[in-house]
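S.K.: Copying in the features that TrEMBL gives for the protein in this structure:
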- 20-38: transmembrane segment (TRANSMEM)
- 54-73: transmembrane segment (TRANSMEM)
- 93-114: transmembrane segment (TRANSMEM)
- 141-223: domain 'CAAX prenyl protease 2/Lysostaphin resistance protein A-like' (DOMAIN)
- 157-174: transmembrane segment (TRANSMEM)
- 181-203: transmembrane segment (TRANSMEM)
- 209-228: transmembrane segment (TRANSMEM)
- 240-260: transmembrane segment (TRANSMEM)
Amino acid sequence: MFENLAGDQLVFRCDSLPKAVLTCFILATSYVGSLYVWRTNLPRDDPNTIKRRSLSAAAVTLLAPICVLTQAYRAEAGKGYSIWQYLGIRQAGLLPSFCLPLLLTMFLFLGPLYMLLLGDSRQSLPIKEMPRKWWANSGGLAVAIRNYIVGPITEEVVFRACMLPLLVPCLGNLQAIFVCPLFFGVVFQFFYTTVFGALSAFIFLRTGHLIACIITHMFCNFMGFPAFEEIPNHTLLQRVVICAVFLTGLSLFVCLLLPLTNPEWFANETYRWSQVW
């Protein structure tokens, strides 16, 4: 049954909003619950803990699309898309999906990026030494793999690629952008993750590419939350420049938000943005 559906043209309909929300809630709790099925007194950054939790997260990530597939209907010829297209796994528009959303996110983090370079320059650290410093502060190979590979891939598949096809038919693109991150934010109990989730959902629906969300997620994990508390530690002139760079980056992000995520750049026909704007 699933093999046949996976190769068919499908369509998602809004049978009921509570059903879609319940399915998303089950996906979210299954993902987080899988991380705590292992009994251990080891810290979360211990390599053994990371290995076990990564296996659990990978298992849920593989099963989640099957859960989504059960909610799909066969479409008439030419009136639907494959499950892979709904999940954002496709070739058309792939190259722009690697570059443009990342560039947009870098504009948003222009201030923190400048502070990062400024901090290293104050320590007289050559640019070629910056990767070595980053690696030393990353917590080791296991932590880096979790933060920059396993986490972004599994979370984007479960919380974006698998939830948005269920929510969009009931809520539309715009409302789904703000509802979908609630499952991510409530589960992880952090406001920052909710805001990031909204941006990631926006990128997914605009580009129709899962890889765009994964790459921006990796970058956000690398940058972390902006260190606003570090600004007063700089000289007056540096503080003025830092604030100017922050405002410039935010302005560029707002101005380029729609142009750099134009669905035409990514051959995105799966999620029709014209329904919203």
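The backbone N, Cα and C atoms fix where each Cβ goes, and this holds for glycine too.
In TrEMBL, annotation is done automatically, which means it is predicted and not curated.
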S.K.: Can we call the transmembrane segment (93-114) and the transmembrane segment (20-38) in contact, meaning three or more C-beta pairs below 8 angstroms at a sequence separation of 6+?
M.R.: no
S.K.: What residues in the same chain, six or more past the boundaries of the transmembrane segment (181-203), come closer than 8 Å to it by Cβ-Cβ distance?
M.R.: 24-25, 27-29, 31-32, 101, 104-105, 155-156, 159-160, 163-164, 212-213, 216-217, 220, 225, 261
S.K.: Please indicate, using numbers and ranges, the residues of the same chain that are 6 or more beyond the transmembrane segment (209-228) and have a C-beta under 8 Å from a C-beta there.
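M.R.: Non-local partners: 87-90, 93-94, 97-98, 100-102, 104-106, 109, 111-113, 115, 147-149, 151-153, 155-157, 160-161, 192, 196, 199-200, 203, 266, 268.
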S.K.: For the transmembrane segment (157-174), give me same-chain residues lying six or more residues beyond its boundaries with a C-beta closer than 8 angstroms to one of its C-beta atoms, as numbers and ranges.
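M.R.: Contacts of the transmembrane segment (157-174) (Cβ under 8 Å, skipping residues fewer than 6 from its ends): 12-14, 16-17, 20-21, 23-24, 27-28, 31, 60-61, 64-65, 67-68, 71-72, 86-89, 180-181, 183-184, 197, 200-201, 204-205, 210, 213, 271-273, 275-276.
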S.K.: Taking residues 6+ outside the transmembrane segment (20-38), which of them lie with a CB under 8 Å of any CB in it?
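M.R.: Those are 14, 49, 52-53, 56-57, 59-61, 63-64, 67-68, 71, 154-155, 158-159, 162-163, 166-167, 169-170, 180, 183-184, 186-188, in sequence order.
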S.K.: Report the mean pLDDT of the predicted model across the domain 'CAAX prenyl protease 2/Lysostaphin resistance protein A-like' (141-223), rounded to a whole number.
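M.R.: That region's mean pLDDT is 91.
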